[in-house]
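What follows is one structure encoded as structure tokens, with my remarks underneath.
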Amino acid sequence: WALVDLKMEDTVEVYMDESAEIPCLYTFTMKPSTVMVQWFVREREGNRVRISYSDLTMQKVDENTIYSDRITVQSNSDGETLTIQDVKLSDEREFFCQVTGFAAGNGEARTLLKVFDPPEPPVIEGVLSGVSVSSDAPAKIASCETRDGFPKPNITWYRDHIPIHPANGLVNVVTLVTRESSGLYTVQSDLHYKVTKEDKDAHFSCEVSYFVPAAVRTSESKGINITVHYPTTSVEIWKESPEGLVKEGDTVEIRCQGDGNPPAPIIFNREQSDVELDSYHGLLVLKEVSRADSGVYECHSLELDAVNHDEVVDTLQLTVHYLDPAVVMPKDSEVMLKGESLIATCNALSSLETSTVWFKDGIEVGRGHTMQLLDATFDTAGQYDCEVTVPSLPGLLTSGSVHIIVQGPPQMKDAEREIELTEKVGGWLNLSCEVRGHPRPSITWSITGSQSWREVAKRETEEQIHSVVTLKVTTDTVAICNSTNDFGIETKTYNIRSIPFSQTPTARKTSVDNSGVIIVVIIVSILLLAILGSVFYFLYKKGKLPCGRSGKQEITKEKTNKDDIVVEMKAKKTEESVLLKGVNGEKKPLNDQNNTLSS
């Protein structure tokens, strides 16, 4: 065996069901006359069986072997390569390459074929019943299994991604390995663990590590949470609803929860009372609470399986806020005399600070618990509503009211008590009289000068009355509206001056303005007439003024200026029209006019 440099790999690694190639490379120190190459495989019993033969003239696969139909041999200048198709687990064995060069020498080498099949991903399951912290020894909390792997896979346990190693009295791992009929391995691992209360939030997982060609790979399971049973060491009580402050009429929900698992029964009671309140699964419901429900509430947890049967308790202070009905002073209604003053108050007892607003006819008229009404008038009368609220607790509201009655004598709506009117003869006038007072006044009309009149409208309210009459003007008329109640009397007078149909009726104010103009015209006319009379008298005394028509004509011819003509025209028209009216716009008798002219 003086073969020069025969090379084969120690191992060839391949996945199951794939093809494996095993090379056999050789060189001779001198050129051989012929070369013969044979491939052998070691059987399970240790015997070697040839599976292939080749020389310079031929190459064949031996028949009647387990590889007769699954191998091929490829030759080249450097050597040969054995290819195995559809590799099985049973192919994991030694393969030998024997080279014979006769005089040139002989040689043999071997390669171990290793077959790999990755396992299925691991499946983890926790103990459904839960694990108690009171167990004396580690208890099974989870199992992990991986199937159909080759070579045998390994399982490692983790707590929150930190490896768990066996520890005496704390951690124990039990592993079961099964070789299936297919030759693949199934591995099951059980984790026995002494749990503590802190493990209730921990996540446990397992990891499978397995070999592949030229590497080691891992596959991790999902994380699971273990149900840990531990006793209750504390409870917490809180108001679940409503949020914020509690007022009378609310429904209050109080919840209590312990830190044990499984939760221990919860009971409620009032402080210094042994009466158990009705609750359900740690929830106490108080419907339509009142101030009487204020106080300290306790919740208790009794750990039934605890060694010492220790009782755990927590307390809650419940305050139910209230707002009593508003009290208004004076009550209901109050009678005031016109001009008087009054202070009204509105208060409501409350557990919190209140705010009061006063309204009249829906309009805010004041703020604060008191309201001052000064120098009362009829406008002061009416209903005043006070609204009391709690700014810090919306929803608490109460209200009250007081009705103010202001008594006094009648009061006309119009400030003018005597009205002057003019109307043409035969015309109709509507006269209005609106009065307020308390008690409500009554209205009567006194009309002199006109017989044709009637009341056409009358409207009454609690403290007001409005009357409208219509009358026909036939002559100068005086209409008086008389309003009376228990506190006095008030009148309103209409002076109506009738004018002929041809004249345009005017109101009192227009008549007064025209009278001023007429007075000026009268005064100027009188002065002109006086001057003219003096001139005539002077001429007459001098004998220059004849007494016949011819004399008058001469004078007229001598004084034919524009002013004299105007004076003569005014003398005729003023007597007929302008001077017929008096200072007050009333038509005077003719005798009175003559007297005026004479003066």
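Backbone N, Cα and C define each Cβ position, glycine as well.
Sorting each residue of the domain 'Ig-like' (18-113) by its DSSP state yields 6 helix, 51 strand, 39 coil. The domain 'Ig-like' annotation in TrEMBL covers 18-113 (among others).
Across the domain 'Ig-like' (121-225), DSSP helix (H, G, I), strand (E, B) and coil residues number 5 helix, 64 strand, 36 coil. The domain 'Ig-like' annotation in TrEMBL covers 121-225 (among others).
Under the heading domain 'Ig-like', TrEMBL lists 231-319 (among others).
Sequence annotations record features per position, and here TrEMBL assigns domain 'Ig-like' to 325-403 (among others). For the domain 'Ig-like' (325-403), the predicted model reports an average pLDDT of 94.
As annotated by TrEMBL, domain 'Ig-like' applies to 410-497 (among others).
The transmembrane segment annotation in TrEMBL covers 517-540.
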Take the domain 'Ig-like' (410-497) and count its residues per DSSP category (helix H/G/I, strand E/B, coil), listing them in that order.
0 helix, 64 strand, 24 coil
Using DSSP, how many residues in the domain 'Ig-like' (325-403) fall into helix, strand and coil?
3 helix, 45 strand, 31 coil
